[in-house]
Amino acid sequence: MQENDQCKYEKQEHKVWDLRSLERWIWEQEGACVVVLRAFYKETAAASLKQHSLCEGLFCLRLSPRAMGTMTPFLVYSITSHALGSAMFGYHIGEINPIALSISCQYGSKKSNHFTPAFLDCIKMTEEQVGAVVAVFAIGGLVGSLCAGSLIDRYGRRKVSLLNCSVFLLGSLFMASANGLTALVLGRFVVGIGSGVSMVSVPIYLSEVSPQQIRGTVGVMTQISIVLGIMLAQVLGVFLTEGMLWRYILLVGFILALLQFAMLTATVESPKWLALQPGKLPLAHQALSKIRACIDVDDEVRMWKGADRNRAGDQDLLSDASPHATLSLREFATRQEYRSAIRIILITQLAQQLTGTNAVIFYSTAILSRLLPKLSAWIAVLIQMVNFLVTLLAAHLIERSGRRALLLMSLAGMCVFSLSLCIGLERSMPYLSAASAVGMIGSFGLGLGPIPFLLANELLDVEAVGFAQSLGLSVNWIGTFTIGILFPVLRHAMGGYVFSIFCVVAALSFLAVLRYLPKSSRRIVSETDP
């Protein structure tokens, strides 16, 4: 036996100790990894607590619950690397809003820049064509989200994310070099595909690598990174709207994709996914040990596998897994025990779009430019700053207040602020309109923004998560497309009264969440089913 400075126990003669009591005591200690002699010694074993560097017998290095709930440097790096995918989603959502007027030749004429004669200063477009450019992003997102579930279940979360970077690279190049509507629409469609894939894979990966105690907080990183991406696009839009400078805004997506690809190469595959693949259990232990910065992660892997197989004992745990049964689409759609979870996932994902958040994100500059022409661009930035701060607050509250409570508060706030925005726009009250837009997005960030991305992992078995996330995101993208294409038409026809529709949707969503979402969303599917 080699020397190990972390060993705290050694076999002794003439002393008998209760393994279960001692292990429980060690398990409850705060912080450090400790070595525990296993049941190899059984009840007749003898041991005493000593500061000794040598250990004999069968032992393992464990983490206490408090230590298992901490963030290690490699976990932070892994979360950041994958969250860049949702940041790119947010960036591409927000990139058209600040440049819509300049890119469509409403801030200048259609002339070639004399420094770069190959590129035009702008692309002549009507308001409806701008709406189509915005909306086609959602069609790509729908395609990406429909494909992503089966891809990440078959090839793994990390590998799909790496390949997805090339999709973002290609789409960003199409947009930045576009001289006509066709190339611009094609680029938006391609980055939409990449965004659809990211919004399925990122929440799943973050949930699977994060410790149980901070899973909700880590899960909010999906929404935080989306908000940061949108805010980056809005800030750049304040300064890069003249001439052909809008092309640099579209080129930033290319840089973000390169950055994510470089960072992902140093990460590991989701250990939970690896543990459920035939022949890859040792790789799962290796990956989780690196993420947790601890040698023995048997207990956490046992929690993953024990729910399905009722395994007991170390030998079963350390042996390789039997082939993981893959859930078919038909089984997913027809299993009774999944229906309650699917219902609330669809409700929250659809509410996330149809309550009007993207109407503000896509068109806030255009909406407020009539009332506050000099400040509309900065108000768009302020909206996203408030969104970011409130989402940080949600990350702090989500484990304390619960998912259901935050969702209800979020929907209630959106209902109230949608109504006040309707009044402000119709009565030409600029500051009420601006404050209502800020309050509406702030309410969104409190619950409806981050929480829908968490529910699939918390309500369903791991084998069903990919399908559920794809289905939920598909509905989400349909809502995004509906808002992107219909909102300009409805705003033209109804004026500020269009926000009364969002008020009604928020009220109905409030009642649906009150009725269908369990008070504790951390339940297995059978517990959520009536």
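Heads up, the Cβ atoms here are built off N, Cα and C, so glycines get one too.
Caution: TrEMBL annotation is automatic and unverified by curators.
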Transmembrane segment range according to TrEMBL, out of 24-43, 344-363: 344-363
Tertiary contacts of the transmembrane segment (184-206), as residues 6+ beyond its ends and Cβ separation under 8 Å: 79, 82-83, 85-86, 88-89, 92-93, 96, 103, 123, 132-134, 136-149, 151-152, 157-158, 160-161, 164-165, 167-168, 170-176, 178, 218-219, 221-222, 225, 250, 253, 257, 270, 453-454, 456-457, 465-466, 469-470, 473, 476-477
Touch test for the transmembrane segment (218-239) and the transmembrane segment (375-398), at least 3 Cβ pairs under 8 Å: yes
Long-range environment of the transmembrane segment (405-425) - Cβ separation under 8 angstroms, sequence gap at least 6: 348, 351, 355-357, 367, 371, 394, 397-398, 431-437, 439-440, 442-449, 451, 495-500, 502-503, 506-507, 509-510, 513-514, 517
For the transmembrane segment (344-363): best-contacting stretch of 245-264, 431-455, 467-490, by Cβ pairs under 8 Å: 467-490
Close approaches to the transmembrane segment (467-490) from elsewhere in its chain (Cβ under 8 angstroms; 6 or more beyond its ends): 127-128, 130-132, 134-135, 137-139, 141-142, 145-150, 196, 199-200, 203-204, 327, 329, 332, 338, 341-342, 345-346, 348-350, 352-354, 356, 358-359, 362-363, 452, 455-456, 459-460, 498, 501
